[in-house]
């Protein structure tokens, strides 16, 4: 049963820094572009909370405060996915993004963008030992874009997830990272702070086809695992409260490759912001809603400009416009 969201009369407890500088007042009026009139009419309290987590751009802030994100993925065959995730995290507003990939993918990913910090370590003999020191510096890790399914690489990633659990590191697991989880669910069981981002096929692999038993299966994962099921209407499942939220419909009929990578990268940035700016609704839920809403509108904007020829690169180019229309702080 989908829960209808409502504004709680209880006070919302915010992080002290958010109250003073990072979060806007709840009564701030946001004027949205007419290009998204249909979606802008949505009055979901989750959208308001998503706006509230966006930090103000202030001169006293230093590099890294808006987010240091890690992407684990990138193989010989798949170099685009980690790039899409990484550049999306940056364009949403993260300060630094590190990509941990196979050696064969490193030069290609570096050539896509000089803004990315690329580490060709995943297939090295001592991969976990070399990557572990970097993990402590990162705020959120995205595991899976372009990872591939090589057995030895998946074993390395399994070890990295175990290290992240010890560090209590927030994770976003996507694509081939979900393939790994499907075969070893214990990696995320009772791991507070994990977000899974399956599409329809990946969702069935994880939870089966019986939708009436989704919450029971989710409960078995343990408290603290959040799932966003990507589809016509993205659905967010919160295992902490066993509640389900539905994101508004949006986008276009064009489903280009890489859209899920855009969402994963954007989600990582939003997730860090939400964790820094605590609200009464789960930070993971708020971040999932924000990433879904942004991605669907990027699709809408890009399709209006490019139509059937639209690609993920066109969607990424629209992140600025969508963010400015929906999430950005406006001066009165």
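Every residue, even glycine, has its Cβ placed from backbone N, Cα and C.
Remember, it's a predicted structure, so these values are computed and weren't measured experimentally.
Here's what Swiss-Prot has on this protein:
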type: BINDING; residues: 146, 199, 200, 201, 202, 203, 204, 205, 261; note: (6S)-NADPHX binding site
type: BINDING; residues: 230-234, 251-260; note: ATP binding site
type: DOMAIN; residues: 46-326; note: domain 'YjeF C-terminal'
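Comparing the binding-site residues 146, 258, 260 on other C-beta atoms within 10 angstroms of each C-beta gives the minimum for 258.
For the pair residue 230 (ATP binding site) and residue 146 ((6S)-NADPHX binding site), the C-alpha distance works out to 18 angstrom. For the (6S)-NADPHX site listed in the record, the two most distant Cα atoms among 146, 199, 200, 201, 202, 203, 204, 205, 261 lie 21 Å apart. Within 10 Å of the C-beta of residue 254 (ATP binding site) we count 17 further C-beta atoms, all protein chains included. Within the set of binding-site residues 146, 200, 202, 204, 261, the entry lying nearest in space to residue 234 (ATP binding site) is 200 (CA atoms).
With respect to residue 200 ((6S)-NADPHX binding site), the closest of these binding-site residues in Cα terms is 260, chosen from 252, 254, 256, 260.
Distances between the Cα of residue 252 (ATP binding site) and those of the binding-site residues 146, 202, 204, 261 are shortest for 261. Residue environment of residue 234 (ATP binding site) contains 24 other Cβ atoms, counted within 10 Å of its Cβ in all protein chains. Per-residue confidence over the domain 'YjeF C-terminal' (46-326) averages out at a pLDDT of 95. In the structure shown, the C-beta of 256 has more C-beta neighbours within 10 angstroms than that of any other entry among the binding-site residues 200, 232, 256. Candidates 232, 254, 256, 260 (binding-site residues) were compared with residue 146 ((6S)-NADPHX binding site); none lies inside 10 Å Cα-Cα.
Residue 202 ((6S)-NADPHX binding site) is 17 Å away from residue 256 (ATP binding site) when you measure Cα to Cα. Taking Cα separation as the measure, residue 202 ((6S)-NADPHX binding site) is nearest to 260 of the binding-site residues 232, 254, 258, 260. Taking all protein chains in view, 16 other C-beta atoms sit within 10 angstroms of the C-beta of residue 252 (ATP binding site).
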